[in-house]
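Marked as active site, nucleophile by TrEMBL: B:Cys86. Feature annotation from TrEMBL assigns active site to B:His194, B:Glu196.
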Amino acid sequence: MALVKVYVNYKKSILNPEAEAVHKALKRLGYDNIDDVKLGKYFELTVADGKSKAELDSEINEICDKLLANYNMENYHYEIVEAEAAQ
Amino acid sequence: MKFAVLAFPGSNCEMDLYNAIKDIIKEDVELVSYKKNTLEGFDAVLIPGGFSYGDYLRSGAIARFSPIIPALQEFAKSGKPVLGICNGFQILTEAGLLPGSLQKNVSAKFICKTEPLVVNNDHSMFSSEYKEGQLISLPIAHGDGNYYCDQDTLRELVANDQIVFKYANNPNGSVDNIAGIINKQGNVLGMMPHPERAVEAVLGSDDGIGVFQSIVNHIKSRGVIYE
């Protein structure tokens, strides 16, 4: 088994009012040194064995392009972690 | 002529649409489940507002993979009218039937109020009942209504006259004040405002009737010859 960690976030050109609200809240709490806040999505996919690294790469990219991220406004990256390490 | 009104889990405007067509426009209309895989026998398809699949992941992102969607894509390809309102608009962008996407409102707030709109294109099959430049009032009710597309796409939308409705006072941060756009072929309209909630003066406005009447006029003037 492998664990795939997928990170989806907004492209730089996209305003993210939720992240801005969090940033403002941090400022109100006195954390003046926080220059920027990004707020995106994080997925953990537990994948059954049986596919090569290359096959898994292409499958994860397909999943991200098709469903997990909207290429109009989001970028994604992912890392594949072995199951032992994940635990 | 016969309208289909699609219903997804979490849709909540399907009965408003159904009643607008049945009681006000006085045409045949049928609710069609997202589980069906055909749209045979229909002349126009309406995709209602609401929160399909709870807006999980992104608005419309999961509904876009429903069993009915391939039939919808086929229907759109045939040139017949498809109208997506609010969540219906979001589903159409996720399904690749319209360019761009709908982001969180700039204010990060859900906005529910009646907004003035400017008719920007009065010769589409959805807006022929209006006059270009006409000011109409339609209710909006959305959290993710901020239309976004890149500059190249916007140039194309303008060049092809695809922007049908614009906000008079942009409430949500949409690019170029966009409230509703059609595809290049002109037979798929997505709009965030709710014309089906404005079909009786007693409810505040009947400015929405024109959208549905335009579709009926289009179909009837063509004698329903598509295939």
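Keep in mind that glycine also has a Cβ here, set from the backbone N, Cα and C atoms.
Keep in mind that TrEMBL annotations are predicted by a computer and have not been checked by a curator.
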If H, G and I count as helix, E and B as strand, and all else as coil, what does DSSP give for B:Glu196 (active site)?
helix
Return one of helix, strand or coil for the residue listed as 'active site, nucleophile', based on DSSP.
coil
Around B:His194 (active site), how many other CB atoms lie within 10 A of its CB?
23
